[in-house]
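**Student:** When I checked Swiss-Prot for this same protein, it listed these features:
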- 21-211: domain 'NodB homology' (DOMAIN)
- Asp28: active site, proton acceptor (ACT_SITE)
- His79, His83: divalent metal cation binding site (BINDING)
- Asp148: site 'Raises pKa of active site His' (SITE)
- His174: active site, proton donor (ACT_SITE)
Amino acid sequence: MKHLDYIHEVPSNCDYGTEDRSIYLTFDDGPNPHCTPEILDVLAEYGVPATFFVIGTYAKSQPELIRRIVAEGHEVANHTMTHPDLSTCGPHEVEREIVEASEAIIAACPQAAVRHIRAPYGVWSEEALTRSASAGLTAIHWSADPRDWSRPGANAIVDAVLDSVRPGAIVLLHDGCPPDESGALTGLRDQTLMALSRIVPALHERGFAIRPLPPHH
C-alpha cells in the first residue's frame, strides 16, 4: 500500500523544478472581505500568483471573492468546511469537511479547479490524508511559516520569510481567520499586507521566481 504524506516543499522533479529558484505563496483562512481584496491588489501589482486555501463556509458567504481570486489567475484550494482539527474528527466528519468545502468552492465559481488541500492548523491525520487522496486532492503543508497570524510586526514577518526560503519553498501566510475567531475585523491582516508588499520584491531581488503550485499526480 502506498504511504500517504503531505508536501512541504516542491521537489525538483515537479513541473518547474528548482533550477529557476521557484517559490510558492499560499494564503490560509480566507476569503475575508476586509483582507483578501488588498492581498489580491498587491499580488496584481507585482504580477505574481498565489494559492488561497479557503474555508468552505467563507466560500459560501463570499462567492464574489472566490470568483475574483480565480479571475485574477490564482488557485483556490481546500482548507475544509469549518476549520476543525481533523485529528479529532471521525472518518465521516473528515470526509464531510473535505467534500463540502470543495463543493462550496465550485458552487461559488464553477471554473475553479480544486486540486490541493491543507489541513487546519497543519495537523494531518492518516484519515485526513486518505480522504484527501480519495477526493483527488494533493495534501500541501509549508516550509516557511512567519507566524503572521500572531501579528509579530511586518518586519518580523519579512525577516522570517527571507531567512527561511530556499528553492521549492512553500510560504504560509494568512488572509483571514478561522470561524471561531473574530475574522471580520478591519485591519486584521494589515501586517501581512505590509509584509507582502516587501516580500515579493525582495524575493525577486534574490533571484527567486514566484510561481503557482504545480499539479501533482
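The backbone N, Cα and C atoms fix where each Cβ goes, and this holds for glycine too.
Tell me about the surroundings of these features in the structure.
**Tutor:** Taking the Cβ of Asp28 (active site, proton acceptor) as reference, residues of its chain lying under 8 Å away and at least six apart in sequence are, in sequence order, Phe53, His79, Arg118, Leu172, Leu173, His174, Asp175, Gly176.
DSSP classifies His83 (divalent metal cation binding site) as coil under the three-state reduction. For His83 (divalent metal cation binding site), applying a Cβ distance below 8 Å and a minimum sequence separation of six or more within one chain yields Asp29, Ile55, Pro120, Pro178, Pro179, Asp180.
Counting only residues at least six positions away in the same chain, the Cβ atoms of Ile157, Leu173, His174, Arg189, Gln191, Thr192, Ala195 sit under 8 Å from the Cβ of Asp148 (site 'Raises pKa of active site His'). In the three-state DSSP assignment, the secondary structure recorded for Asp148 (site 'Raises pKa of active site His') is helix.
When secondary structure is read from DSSP and collapsed to three states, His174 (active site, proton donor) falls in the strand class.
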**Student:** Looking only at His79, His174, which of these recorded positions has the biggest number of Cβ atoms within 10 Å around its Cβ?
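**Tutor:** Most Cβ neighbours within 10 Å: His79.
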